[in-house]
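Worksheet: one structure, shown below.
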């Protein structure tokens, strides 16, 4: 069973994934695969530099994700170009990793992917869990987490698929607007449904 975990930016996807991992799920992170895909010397990084220029590189030759982010979040064409370069690379790594884990007969594999729907990756999973958050809380958390002003934070939220559209496509829903304990309880209930015999709570 492969469960895709997604949601809006700063919604708490990592928190939910960490809870699932603590319950025994095996986690594959699209963000980690993205870092792997753009290591120095990779064709993907070379293509990014050709498209966006050497300013996206740090002095040691690694990708400056913050610099790249500032270039693409406010420019829809640039964002589409970025996605066209990076998504196929992540997809190839994800498919190989998920197939490898599936052969092991693990009870639950979690694929955490912020752009699960946008990248067309939902077809790689058996079910989708969407983490949702009250919009005002999402904005505040994003500003605090990334040190952004309100305008920049709103632009980043607007650059993704609307939260309600993701919710409408979800098989499972976790509302992360409350306490950590409330989030944990929701995740445990879902885990117990997906993994027969697993306790819903400690």
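Placed from the backbone N, Cα and C atoms, the Cβ positions cover glycine too.
Any TrEMBL annotation is an automated prediction that lacks curation.
Here is what TrEMBL records for this protein:
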type: BINDING; residues: 10, 11, 12, 13, 14, 15; note: ATP binding site
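Counting other C-beta atoms within 10 Å of each candidate's C-beta, the binding-site residues 11, 14, 15 are led by 11. Counting other C-beta atoms within 10 Å of each candidate's C-beta, the binding-site residues 10, 13 are led by 13. Sitting within 8 Å of the Cβ centre of 10, 11, 12, 13, 14, 15, and not among those site residues for ATP, are the Cβ atoms of 7, 16, 131, 133, 176.
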